[in-house]
Amino acid sequence: MLNFTIRRLMFAIPTLLVISFIIFAILDLAPGDPTASLPMTVPPEVRAQIRSTLGLDEPFIIRYFLWLKQFMITEPLNLIESSFGITIGEGDRLRLTSWATRSPVVDLIAERMPQTLWVVGMSQIIAVLIAVPIGVISAYKQYSWIDQLGTLFSMIGFSVPTFFTGLLFIVIFSVNLGWFPSIYDTNHVVEDWDSFVFQIKQMIMPTMVLALFTAAQISRYMRASMLDNLNQDYVRTARAKGLKEQTVLLVHVLRNSMIPVVTVIALNIPTIFGGAIITEQIFRVNGIGQLLITGIVGADIPLVQTLTFIFAALIVLFNLIADILYGMLDPRIRYE
Amino acid sequence: MRDEIAPLLDVVDLHTVFQTRGGDVHAVNSVSFSVAPGELLGVVGESGSGKSVTMMSLMGLLPSSARVEAQAVNFEGRNIRDMSDDALRVLRGRDVGFVFQDPMTSLNPVFTVGYQLTEALRTHLGKSKKEARARAAEMLSLVGIPDAKARLNDYPHQFSGGMRQRVMIAMALACDPKLLIADEPTTALDVTIQAQILELVKGLRQKMGMGIVWITHDLGVVAGIADRVMVMYGGQIVEQAPVKELFANPQHPYTIALLETLPSLTGERPERLRSIDGQPPILGAKLTSCPFAARCRQVMDRCHRENPTRREVKAGHDVACWWDATQGGAA
């Protein structure tokens, strides 16, 4: 298993290099000028100068390798230095800076990361907690009213886009009922019970919007997978052994049914960042998704390149995690 | 029923109906039989004759779409029909062992063989993990798996088909049951392995002394191991006799036809093996005629009007047929 993991990580390097080149190329070819948002009074010579200080005069391939070096070597070193308080080499390196804000891209991302991780991460956990029981019960009581209800839930959850559920939630829970704040306050610091309660309150709506969407999907996979397994011969064997129905269902059938579902869950995690872009906008959660939108609107190419690349890296990473989990759950699969 | 020993399992008038979208299917119709302690009863019939369903109905292993009715199902004098689900569950795990047809799919692929073997021991006999493992290893070596202790940690896919069926048998016998229900346990295996499993079961039966119900469609298998044979057709028992009597003196035209389909080792080789023409009936309604009438060589008018009841030919041998094989006319 360790060998397999190491080998897969090695394979990830060329994949990520290709992805990084494509991302860089696409964004470079896209129309957009970092000086476009400057006032019209700025003369063209100044604009040209700005562009040359940003390094835009250099040929495409040189800029790509500089970006790559920056992203792959310099920034990780910076990150290690700042987190462990040590200095490697000269210590004073160039930072990859955002065109719009002039601050280092990595710092911007690090600043936004906690909000996204809290909201998106929590939504994933809640989604699994909702979806697995729904899937199990729906399959076990197939065609019963509870199954119909589960089907209705997933159909609604899956077909209604998050921007609609988000707005609906705001109208119901913030405007009409006044239970939760409609805007996420990033500056809020949790220091005592009351502030903790407030943090929970402001997290509930964005988390639930994302969780419902994801749970709708996962519960369907869960149901289908349970149904597949419930008719298997080994279930009859387990019943013939006189095991409790609960044991048959939650030990024998569930473990087998989780195998494909775990893959779906793992592969879903990076893509949820896409859904989070919209949800973060609606609830004013200034997380990664919102940062990406700001970057795109302001033609802040270094920021967008970096973020897109991080998403790509996440997808590659979670593919690997899915494969490893698959091997752990199913003894028939051994990676050698 | 027939002798003074109280039967281990005694079934009277069992009916099983499946409720499907296409209407009810009467899979088992008025089946009565008994198994004595230590006896090996062979149940023979083609696919869809109701032999598996009969056994599964008794032990509550059918899906909820099945409706089971019986006058009495007694196991050691206790009526199973009156038992709660929990009591039946315990009976199933401790007193009755099951071996199923396909060993490739009957074991759970994601748990070790050791885990699956110890499960019943821990549930029903309250053994500790260590005791259960010791017993499981003992059972594995009993069914002829070498290096049993180490193999407890293996997964089913690491065993061959024959070995898996041995594991299934070990699992069924782990709690020392009084009755073993073997549902076509050798059908999915090749002939050599089949012979090995038959020998194994014969040996185990002598050692452990449990009653066995052996469901099969292979008359050859039955001839080799059974004490008594029950032939099923269309969800009912058409003939029942001690094994030697059945082979020497078959009464029902279906039994006779079945015996004719067996390839013979002596005499001239026929061009083709014989087969019984036609299809078994689809049991959409309660039977009002003999289910075999459409395929029967001896069919009479009465067969289409009335479903024959079982009549005794001689002690321990009964048949459900209007035709009398010994006289060659209506009975």
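The count begins at 1 with the first shown residue.
Cβ atoms here come from the backbone N, Cα and C positions, even for glycine.
TrEMBL labels come from automatic prediction, so no person has curated them.
The domain 'ABC transmembrane type-1' annotation in TrEMBL covers A:113-322. Positions annotated as transmembrane segment by TrEMBL: A:9-30, A:117-140, A:152-176, A:196-216, A:259-283, A:303-326.
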Same-chain residues at least 6 beyond the ends of the transmembrane segment (A:152-176) with a Cβ under 8 Å from one of its Cβ atoms are 134, 182, 205-206, 208-210, 212-213, 215-217, 219-220, 275, 278-279, 282-283
Counting only residues at least 6 beyond its ends, the same-chain positions whose CB falls under 8 A of a CB in the transmembrane segment (A:9-30) are 60, 63-64, 67-68, 71, 301, 304-305, 308-309, 312-313, 316-317, 320
Outside the transmembrane segment (A:303-326), at least 6 residues beyond either end, the same-chain residues with a Cβ under 8 Å of its Cβ set are 1, 4-5, 8-9, 12, 15-16, 19-20, 23-24, 27, 67, 71, 96, 98-100, 105-106, 108-109, 259, 262-263, 266-267, 269-271, 273-274, 288, 291-292, 294-296, 333, 335
If one takes Cβ-Cβ under 8 Å and requires six or more residues beyond its ends, the residues near the transmembrane segment (A:259-283) are 115-116, 119-120, 123-124, 128, 132, 135, 161-163, 166-167, 170, 182-184, 205-206, 209-210, 213-214, 217-218, 221-222, 225, 289-290, 292-293, 311, 314-315, 317-319, 321-322, 325-326, 329-330
